[in-house]
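Worksheet: the structure to be examined is printed underneath.
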């Protein structure tokens, strides 16, 4: 190195370039050295911003200010103590560096750039600098390291705090304090190391790789986050495979060991942050052998793959070939037998990431409901303009071999017709049926027509049915028709609540499956049935999935649709009954036609109108008469208003929030006699109640009133509809998904605000009454640090633990983005610790090191437009309830009058209803979702055995697992383990 004059302890310097690439490279260089960005000014973006432009040069296009902060005494949380309060007054020298990008560099030609002074900075860890720059760094002595930055500036790093010092200075000279806080802080840090040593000493760490492959889908990031953090929690090393199978082939930097903080904020990101790519090389054995070598070199013998059927098939093939691939690697001399001995078997676990929802054996795949939500949102927008011009719109959606998106979108958007691959339309005849359906709906008063076409739609001769083919048919009808191809907008955006929840739970279960894996275990695929996470053999699921395409190619369309799950088939039949077959083809005999009442009870909830619409359309297509009881039971008592609903009344209700027929919290017991009178007057044969706990209570009151009021001897059922999800006996209520989506958007926004201001915490209050479901679910899918629910009372110990967890998070904070923190509190979690009081306690304990704010979304949680999932579920439940009423009436007809155990009622010759039995428990029921089952549960049994009447909820806390998983992923359990390790060490 040339001998240069040295400028020691420079507090401020400015360097200039007119090369943008060099500008960025220099910033990265100083970031690597530990400098932090404190200002990033862009003349074109921030020129009018007086705060950002303050202190910048007039000729700067961009300026980035980097600071190396002084070392000084820190408190228990690792935050700097103000100098006037510190017991140790020593401080190291800080430095501010201004890097400027200008139009043209102002360098005098006579200036000799070889006479540059060397700038010297103080560092307590010279070896680390050499490690970071092994080729550039030159160690001149034990206390001096020389470097050149990308602009050619000479820099030395000295271990001497001052030029006059004779011995190196350690960081303890600045950080060391005599306070108890500092001792605790260091002990906490040591506890982390102790915990890692303890976990590592018992057995060799399991190393797991996680990758995303094939087409991206919303929710993949949530799955990766769950795998990474769950793996770390269970003492594993977790690696992310970047760029899918291509990353497996390349190895090296594409296999990155992940830390806890690496996946912070990933829940709210769309796509996949670790990338995805299709690899032709991996399809060859040579490519798979190369991938095996890369995994073994990192010690990895478990792989979690999130992708479609092709990706999962490749993964399972990789597993079966693994032993022979390892033998080939040994034969090639890349590894010895001893080196590969621990890696004789490869564990594979599959997660289905696909917006098509085309995997057999699972109800939904990661990303499917997010894509459906995008479709419904777009079609809702299209409907608005279509009605204005009285147009027809043909909308093409994805689904090459699976019509799930098209079917669900058809139900959720009130489409007139759908085309799906599983049910091919008759060649040359489908045009006539399409035109007949659209013309019939127009004649009933509809102003627009919506047709949903899956991209893989075809006729029974395997000819493609395109959006333009459909358009041509509608033009023949004389309709002004437009085509909209949604394309990749369906993949875009962040994941909805359902997909975040699904990906998180499946990611956690994937790690558990890896740890439980044996060489004899078939590769598992993590799926879901109704509300329950399940495992199923990967090979069989993929085989069934591919057999659908085979059946279609063989023109066996009955087999193709039979291979879909029962829910798919049920919903397809429901769509036909409510839309296509409203031509009188399904009318029942006059003697079997019923009068069915529909009433909304309780607070407004999304999808009340969607359920009423589906029930009405199904009734009309079968000849029943649907009657809307206006304004709840109080409206019936006060005015007796009951309206017979027509097709045009409900045609546009599929995407309307609130209640079009009115709702309130009045219950049936306010005047059972008057209610019985109007039931008798309208000759009701059945009743559907939509509502929450008030609806649940009303159903019980009507059932109990059968002794005094024989008219109540009719089949009655409740469709749970409440954002609180507090109806006993069921795990799902209409409106919950809409509520959770609203909360996801709300919390994403406030977390962004918290991240922008860096050290900021929000305490968010959510609804739910005495049920902690919404709070627990929201905490899980938003990455909340803590969740306060009524089921687990808040106490000072739990608050203290949360404060410690927050301090630990912020102690390691380096000013990165995505570091806003969220705490979720149920509105009834405590009568003492209110949302504001919690915020005040945490704020006081933070001693100004981070800010705390409250956020209360209130009735925003009820949502506006119902979510696509709520719309589809509403339709499914409504049709099931009509069938329930039909079946009970059939049962009555088939029963002899002498059998008093079965509900019976008939009209006499004067048209009066004659009850023949006091009550029948099973005929008054609640439609319930429990795990993987949908069933009708008698209200009498639910009220007696499963209802906490005082707290207005069920006894079962079916969401308890969400809190446990939330504690794992937030780091709470990790912190507890560290504290326990520290306590054990102190003993």
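Even glycines carry a Cβ here, placed using N, Cα and C.
Annotated features in Swiss-Prot:
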REGION    1-580  region 'N-terminal catalytic PFK domain 1'
MOD_RES   3  phosphoserine
CROSSLNK  89  ubiquitin cross-link
MOD_RES   166  phosphoserine
MOD_RES   179  phosphoserine
MOD_RES   185  phosphoserine
MOD_RES   189  phosphoserine
MOD_RES   192  phosphoserine
BINDING   215, 278, 279, 308, 309, 310, 311  ATP binding site
MOD_RES   217  phosphoserine
BINDING   354, 355, 356, 398, 399, 400, 455, 488, 489, 490, 491  beta-D-fructose 6-phosphate 1 binding site
ACT_SITE  356  active site, proton acceptor
MOD_RES   450  phosphothreonine
REGION    581-594  region 'Interdomain linker'
CROSSLNK  625  ubiquitin cross-link
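Features recorded in Swiss-Prot, as mapped to the structure shown.
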residue : record                                     : Cβ neighbours (10 Å)
215     : ATP binding site                           : 20
217     : phosphoserine                              : 32
279     : ATP binding site                           : 20
308     : ATP binding site                           : 23
309     : ATP binding site                           : 25
310     : ATP binding site                           : 16
354     : beta-D-fructose 6-phosphate 1 binding site : 28
450     : phosphothreonine                           : 24
455     : beta-D-fructose 6-phosphate 1 binding site : 22
625     : ubiquitin cross-link                       : 18
Neighbouring C-beta atoms (10 Å sphere around the C-beta of residue 399 (beta-D-fructose 6-phosphate 1 binding site)): 28
Residue 310 (ATP binding site) to residue 450 (phosphothreonine) - Cα separation in whole Å: 33
Residue among binding-site residues 278, 491 with least C-beta crowding, 10 angstrom cut-off: 278
List of residues, in chain order, with Cβ under 8 A from that of residue 356 (beta-D-fructose 6-phosphate 1 binding site) and at least 6 apart: 308, 365, 368, 398, 399, 400, 401, 402, 404, 405
Nearest-integer angstrom distance between the alpha carbons (Cα) of residue 217 (phosphoserine) and residue 491 (beta-D-fructose 6-phosphate 1 binding site): 6
For the region 'Interdomain linker' (581-594), residues assigned helix / strand / coil by DSSP: 3 helix, 0 strand, 11 coil
Rounded distance in angstrom between the Cα atoms of residue 489 (beta-D-fructose 6-phosphate 1 binding site) and the residue listed as 'phosphothreonine': 19
Residue numbers, six or more beyond the limits of the region 'Interdomain linker' (581-594), whose CB comes under 8 Å of its CB atoms: 436-437, 440, 617, 619-625, 647, 685-686, 885-886, 889-890
Predicted model, mean pLDDT over the region 'N-terminal catalytic PFK domain 1' (1-580): 83
The one of 311, 489 whose CB sees the fewest other CB atoms within 10 Å, among these binding-site residues: 489
Recorded positions near residue 309 (ATP binding site), in sequence order, restricted to 354, 450, 491, 625 and a 10 Å Cα cut-off: 354
Where residue 309 (ATP binding site) sits in the secondary structure, as DSSP reduces it to three classes: helix
Top Cα neighbour of residue 455 (beta-D-fructose 6-phosphate 1 binding site) in the set of recorded positions 215, 279, 625: 215
For ATP, whose listed binding residues are 215, 278, 279, 308, 309, 310, 311, the greatest C-alpha pairwise distance in Å: 15
